[in-house]
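Colleague: What follows is a structure written as structure tokens; I'll ask about it next.
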Amino acid sequence: MAKLQVVFLITVSLAAGLAQLGPDSPGTEGLIRLIGGTARGSGTVVVYHNRKWGKVCDDGWNLDAAHVVCKSLGFARALMAATASHFGGDFSDYDFWLDDVRCAGSEMRLTECQHASWGVHNCHHNENAGVFCVPFSMESLALQTIPAEPEQTKPNSNVSPSSTPGPKGQIKDSQNNNSPNDEVKPKQEKVRRKFPTVYPVRLANGRTPNEGIVEVEIDGKWGIICGDDWSLMEGMAACKQAGLGYAKQAFDVSPFGGTDKVKVLSGIRCEGNEETLSECHHGGMERDVSCSSTEKIASVICTKVLPDLVPNATLVQESSYLQDLPMYYIQCAMEENCAAKSAFTIRETYPDWHLHRRRLLRFSTSTWNFGTAEFRPKARKEEWEWHLCHMHYHSMHVFASYDLVDEHHNRVAQGHKASFCLEDVQCKPGIEKKFHCTGFGDQGISVGCADDYLHDIDCQWIDITDVPPGKYFFKVSLSGFSSL
């Protein structure tokens, strides 16, 4: 089997979270360290000055300043600038050395940035500045792969991280039952066209003005839309155009009747960010309408308040890297099906399965709620699932889905993330964090806040061990919405 190789940069890190560092520990002038972080390259920033370590206040703290810190510590770049004492801890023994730090991002050391005089500040102990740093940086998220010469690898061979073995034999893909070397034929896509003009939209037959069948006026006559391919994406455009806010539910078979009405549109396809249905594409209009059933009628329920989850696409790209791990280290993750099908076949076949390596595409995600309502799991607390191996609760079966797709939109690898701790990790200035997982607390994401999953957490990956060389696209879906 051809080996999958990905060209990526490796930056050797000089810093880990030094939990034992005290304010009077020895150092050199201007030296930076991170304390209190749970992962390599993360923590509260402390700087050495006048024979003592001190903190940095988060007034004005941003990604440019975080970049300077991470690069000075030997990391590639910063994932995030943490504020409001993100890493917690009792650091009251540390005074504030720096405040109002302003960096351009090109400085080699934090002390080269503009800042208030040493020790002059107006900060409290809940205003510590921190960082999340990137240990590796891939040159391309699109996985520009280089095919190597085919080689035979024994299942129990000792392999280096740069030569991960594939499974023995041809393991068929769980989605399309094709082996990695099978020829993949392009899907037959429907021909879709743009609308020549903006057509009026209204809702009919609903119990309230915010729900009903979606009607469109074409050439002075009102008609309905075929429900084939109708989803929340299309419903969102309809609600926005009708001035009713957002789509709460979309139906391809109408609960509001309407089988006696004339269908004037079919094959509507929207991306989810359109303001009108006329910005979407369609498959047929008036005489060209094609519908699978008379019962298929596009309908929607609209609402003025709705959470809007938006992942940080830049963070996903900049934090992505490859890691080869023996299966011994992903046993808990495999209990949550966070590995490709071939991994489970190897576990059932070979006594030394735990020595076999998997190649993982790892990345961090930060999901913001930019909507007008809180995002909360539908399941009640008593319905949450306890995962014994990881020792935490799952409030949702799947919070995020990760897909690697080829140029024909065929899925070649997949991953997912259960919401084991859905909480307000960071919020916009002036917004108080509401959701906390500690002590079986309430889970959710407040408006103006974000939930973060860092690259070093179990299942925060796609198992690409069986993926053949090629160019692929990375897709993230949150709670059923295609988001990237």
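Each position is counted from 1, following the chain as shown.
A Cβ is built for glycine as well, from the same backbone N, Cα and C atoms used for every other residue.
TrEMBL does not curate its annotations; it predicts them automatically.
Feature list, courtesy of TrEMBL:
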| type | residues | note |
| --- | --- | --- |
| SIGNAL | 1-19 | signal peptide |
| DOMAIN | 32-134 | domain 'SRCR' |
| DISULFID | Cys103-Cys113 | disulfide bond |
| REGION | 149-191 | region 'Disordered' |
| COMPBIAS | 153-165 | compositional bias 'Polar residues' |
| COMPBIAS | 172-181 | compositional bias 'Polar residues' |
| DOMAIN | 201-303 | domain 'SRCR' |
| DISULFID | Cys270-Cys280 | disulfide bond |
Colleague: Could you break down the residues of the domain 'SRCR' (32-134) into DSSP helix, strand and coil, giving a count for each?
Modeller: 13 helix, 37 strand, 53 coil
Colleague: Can you work out the mean pLDDT of the predicted model over the domain 'SRCR' (201-303)?
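Modeller: For the domain 'SRCR' (201-303), the model's average pLDDT rounds to 89.
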Colleague: Round to a whole number and give the Cα-to-Cα distance in Å for the pair Cys103 (disulfide bond) and Cys280 (disulfide bond).
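Modeller: Cys103 (disulfide bond) to Cys280 (disulfide bond), Cα-Cα distance: 43 Å.
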Colleague: Inside 10 Å of the Cβ of Cys103 (disulfide bond), count up the other Cβ atoms and send me the figure.
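Modeller: That number is 21.
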Colleague: Who sits close to Cys280 (disulfide bond): which same-chain residues at least 6 apart have their Cβ under 8 Å from its Cβ?
Modeller: Phe195, Glu234, Ala237, Ile268, Arg269, Cys270, Glu271, Glu274
Colleague: Taking the Cβ of Cys113 (disulfide bond) as the reference point, list residues of the same chain whose Cβ is under 8 angstroms away and which are at least six residues distant in sequence.
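Modeller: Set apart from Cys113 (disulfide bond) by at least 6 residues yet with Cβ under 8 Å, we have Ala65, Val68, Val101, Arg102, Cys103, Ala104, Glu107.
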Colleague: Take the domain 'SRCR' (201-303) and count its residues per DSSP category (helix H/G/I, strand E/B, coil), listing them in that order.
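Modeller: In the domain 'SRCR' (201-303), the DSSP-based counts are 16 helix, 43 strand, 44 coil.
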Colleague: Among all protein chains shown, how many Cβ atoms are found within 10 Å of the Cβ of Cys270 (disulfide bond), not counting that one?
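Modeller: Excluding its own Cβ, Cys270 (disulfide bond) sees 22 Cβ atoms within 10 Å.
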